[in-house]
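Asker: There's a structure below that I have some questions on.
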Amino acid sequence: MERAMEQLNVQLSRLTRSLRRARTVELPEDNETAVYTLMPMVMADQHRSVSELLLNSKFDVNYAFGRVKRSLLHIAANCGSVECLVLLLKRGANPNYQDISGCTPLHLAARNGQKKCMGKLLEYNADVNICNNEGLTAIHWLAVNGRTELLHDLVQHVTNVDVEDAMGQTALHVACQNGHKTTVLCLLDSGADINRPNVSGATPLYFACSHGQRDTAQILLSRGAKYLADKNGITPLDLCVQLRQVLEHVSQQSDGHYPRILTSLAEVATTNGHKLLSLSSSFDAQMKSLLRIVRIFCHVFCLGPSSPNSGNDMCYNGNKTPRSQVFKPLELLWHSLDEWLVLISTELDRNRKNPSSSSSGSEIASLLLKQCEATDNSGSAPKIPSLMDPQIVIETEVYADGEDVISMTANRLSAVIQAFYMCCSCQMPQGCVCVELSSFSCHTFEYTKNPRIIFNHFHFLLECPELMSRFMHIIKGQPFKDRCEWFYEHLLAGQPDSDMVHRPVNENDILLIHRDSIFRSSCEMVSKSTNEKLKQGIAVRFHGEEGMGQGVVREWFDILSNEIINPDYALFTQSADGTTFQPNSNSSVNPDHLNYFRFAGQILGLALYHRQLVNIYFTRSFYKHILGIPVSYQDVSSIDPEYAKNLQWILDNDISDLGLELTFSVETDVFGAMEEVPLKPGGTSILVTQDNKAEYVQLVTELRMTRAIQPQINAFLQGFHTFIPPSLIQLFDEYELELLLSGMPEIDVQDWVRNTEYTSGYDTQEPIIQWFWEVVKSLTQEERVLLLQFVTGSSRVPHGGFAFLMGGSGLQKFTVAAVAFTSNLLPTSSTCINMLKLPEYPSQEVLRDRLLVALHCGSYGYTMA
């Protein structure tokens, strides 16, 4: 009896202490449970609580947990929790313990600039020379982030300042790449080899030049750096010989060069523009010529100096002449454009007012031809053959009416309008629209009524939100396929001309990924690469494997998309429907969560940029966040179906006399304390009524679906918009965005059959091909996905079906190739060309058995064929 009372008193005492502290007061006995109790306290550096819990506990302070296998000392060093870090070190934590990627606590402290933690770790004999799996040491991390003040303290403990990572890069390489001048000076003063090449032969000077780090390059040259070529024979000087830099150099050689170059370019553009307005000229050739000249003109114009004065003529050349004077020759072209549009507009107005006397299409065409002739023979432009020449007349007589002439004219006018916008954008802030541009665009579309005009010529709408709003309803009314084409046409338009600068792929351009830490190693490799390189192409190689190509890239995206939603990273939570994912409002338990959200946005942006599908589906509300579309109360059902029903009930019923006493505020749990959060200023004293309930529902929806995860959304979009501009993605709705990112969720076998090719002796009549498709039809949906992934590297079908499968060099249909049969031979694949190499099995049963073995045992991993 006394023993029972004693146990009861102990339990009551423990309960009292727990309630007062709002936490547990004793650690669980098993390390796995105990470490997750301690982790949030270590993150918050609650060293008193950690000390109390560790007292009289058998917890192993070196216990490694999670997928990355880190200890609590790693967590403390990563977060800068110096008091907890010292506590753990005193209790025997190993300062040199390496996680699954080979990182020690010192690596993490150096990466995040945790100076106090670094000092304490060094006191407890942390080894500064340990390399992680990629060969990176603590000084590499300091050099990457330009933490010179910490590098001064650490470099005295380093035995070799030129220690190389797996790519042969030293701390000096990465400091030069990122333009950290003081870090470069510190490393050079510490004896770093200024001409040390990496595995591809690139020196620190090469790194500085390839990333445009002019100041860093100047430091290296002043210290005696040599112009050494890499293994491809490219020197740092070669990297600087690009069109932009040559034009900049020439235009700045003297005061007179700059305006003369611009004036000459403007005159050539004016001549080409008048030729374009002539129906006798080649439309494609003249359009490309005009736009190319105008692009060069605008580029050179933007290279010039600026005056401190304000106003339209704020930019001056060396002779104090307003730079806008160089646009004068182009005024002749804009005047011709205006005359065309006035003529057409006047004729259309006359026809609308007096339909009975409306001109036929051929009469309107005649007016256009006469205007074209006038343009051709004007004294302001070079003489062009008259449109009334016999050959031209013969060509125009083939029109049954004037519709073709009108269409041709519209295309030509639209191309000139595009050139006009490019010139306007040189002189006006981004997003501003001049009155003339708005008038030109609206009048042209008014008389053509042809949406193709927008897709073919009005790309500038994507950079002019105000003007875009006038056309958005027309654009979104066009077929999804057409909008996709316009999306990718404009998305890829900014890529440099391949013939301007040739940079062969070398080892520095390959993303070397570790399969056992694919998320972290991918994050590190992407962060090291430049956005421009990633846009030009992605090359992936898994550590220890030889295979490369589009198949490996597709597999990388596929596996990485699964890692993004891995619960271990706490970035996304599964929604109520069990299949879609939503950003986790409590993701801050991972100290790197915002960096990882940014990385997740980069991966999805890269996948969309390169037309690669991801094996992940988000909630409808998250797609809306990506598109900038406001969420609605129906979206709440994805995270809390019952609460969504309650919101629906409020909207459907009169709440005037129910006595709900709701205000524009909600109670929420903030670190264990209930707080009242207003939905709008003064919301705690504003009652919800029948009249304002809709506003209440919208605000509470935004709180649950947006405000609660706003930092996560912002970080994700920051990464996503690195590759996908907001103006482009707005062309789609949330359902279409899902299709773009993830493809079709179901596999249509009939579509698969229709879009398959055969080679090496196989055709549709072969028995083995018939057996193959019978086996495919009998497979489960999951097995079909495995087969698709085995052959193409992706588990999803692109929008439009199998006809739009991508290969290494563009569209590439699913292909089945014959292979001679030998005993126990399994099917193999070439994912870069979507080819299944199918042996000539003797029966359907053997085929099915061998195929399933290959699918379940060979879906991952590549070797050279």
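Keep in mind that glycine also has a Cβ here, set from the backbone N, Cα and C atoms.
This is the feature table in TrEMBL:
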- 68-100: repeat 'ANK' (REPEAT)
- 101-133: repeat 'ANK' (REPEAT)
- 134-166: repeat 'ANK' (REPEAT)
- 167-199: repeat 'ANK' (REPEAT)
- 200-232: repeat 'ANK' (REPEAT)
- 530-865: domain 'HECT' (DOMAIN)
- CYS832: active site, glycyl thioester intermediate (ACT_SITE)
Asker: Report the mean pLDDT of the predicted model across the domain 'HECT' (530-865), rounded to a whole number.
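Answerer: Computed over the domain 'HECT' (530-865), the mean pLDDT is 82 on the 0 to 100 scale.
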Asker: Determine which residues of the chain contact the repeat 'ANK' (68-100) at the Cβ level, with the cut-off under 8 Å and only residues 6 or more beyond its ends counted.
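Answerer: For the repeat 'ANK' (68-100), the far contacts come to 35, 38-39, 41-47, 50-51, 54, 61-62, 106, 108-109, 112, 114, 116-117, 120-121, 124-127, 130, 132, 516-517, 520, 568, 591-592.
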Asker: Which bits of the chain, at least 6 residues beyond where the repeat 'ANK' (101-133) starts or stops, bring a Cβ under 8 A of a Cβ in it?
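Answerer: Distant contacts of the repeat 'ANK' (101-133): 68, 71, 73-74, 76-82, 85-86, 89, 95, 139, 141-142, 144-145, 147, 149-150, 153-154, 157-160, 163, 165-166, 514, 517, 520-521, 543.
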Asker: Six or more residues out from either end of the repeat 'ANK' (134-166), which same-chain residues have a Cβ under 8 Å from its Cβ atoms?
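Answerer: Cβ under 8 Å, 6 or more out: 101-102, 106-107, 109-111, 113, 115, 118-119, 122, 128, 172, 174-175, 178, 180, 182-183, 186-187, 190-193, 196, 198, 512, 514, 521, 524, 528.
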